[in-house]
Amino acid sequence: MPITIEPIGPSISIGESPFWDEESQNLYYIGGGSKLFSYNSKTGAHHEVKVETGGEEKRVSFALKVKGEKEKFVIGLKNSFAIVTWDGESSEPLIPQHLVDVEDQEKCHLNDGKCDPSHRLWAGSMGYFPKEVTSLDEMVKEQGSLYSMSKDRTVVKHLSKVTLSNGLAWSLDKKYFYFVDSLKYKVFGYDYDDNTGTIANERVAFTFKKMDLGGPDGMTIDQEGMLWVAIFGEGKVLRINPHSGELLQAVEMPCPQVTSVAFGGPNYEDLFVTTANMAFQKEVKPDSLYPNAGCTFRITGLGFKGAPSLPVQL
């Protein structure tokens, strides 16, 4: 079966945080301007809604379903977690309800978020990024952290000196945790204890700069324990072996700024890929070369099954 790549959503400035909801068979993701998007895989219907964040500097950085709640999501909002309620179709703006403060550095901003096998919410932050800069490399270095929140809303800091927190993934046997710090151009691996929700024994699972592969962004894992990593600026999704450090497969995307990935579909055989269409990157070519830049795509025919998106336990 050949690999096919098709756009399923509109072009936006930046898409992130794809989440496949098994119950509804909907894909949810976030977009520029602090919007939530839904894609109904049964009907092809696409909907979006604005989140009233209270200011441009308070953007939504991720959105995850709440376990056992059809219409509730936990979102990352500047330095905190909040809850919004959305039926996946209404366009009435959403008012977030504060859940818990997370990041203690005022100029840092939460970025990617995901749940571990026990449905604890993990999210990392990124350093200060001035508006006038022209490259991600100008971000303030090692100001961010990696956090988790338990069901009782206790927040724990696991890592500090993070520059640009991105992809998170856990092995299906619950033994390993993987984490992307984009501007270190590495996937880090850790031993993971699901009972305590702790990580230990940091090591480098994969290095991108050594092979000139671009900057890693969002990430997921398949049922063979291999990682799928979005490559921002190079227009690729890479399948890598985190145990051997081997590059197994590269899927070329029809636009350069690939941001995140999530498996979905009835059997978790489809890979959904969010992308961006941001002007600040110097290497970006004219829009006419990439008419679907900023769209969300569905890839079929990969021949692998992936891990599900897990909701937050509150």
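Note: Cβ is positioned from N, Cα and C throughout, glycine not excepted.
Just so you know, TrEMBL annotations never went through curation; they're auto-generated.
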**Message:** Looking at divalent metal cation binding as recorded in TrEMBL, which candidate out of Asn40, Asn166, Asn267 goes with Glu16, Asp217?
**Reply:** Asn166
**Asked** Which whole-number value in Å describes the distance between the Cα atoms of Asn166 (divalent metal cation binding site) and Asn111 (substrate binding site)?
**Response** 7
**Message:** If I take the alpha carbons of Asp217 (divalent metal cation binding site) and Asn111 (substrate binding site), what is the distance between them in whole Å?
**Reply:** 11
**Message:** Centre the Cβ atoms of Glu16, Asn166, Asp217, go out 8 Å, and tell me which other residues of that chain have a Cβ in range of the divalent metal cation site.
**Reply:** Asn111, Asp112, Gly167, Val180, Ser182, Gly218, Ala230, Phe232, Thr259, Ser260
**Complete:** Averaging the pLDDT values of the domain 'SMP-30/Gluconolactonase/LRE-like region' (14-277) gives 94
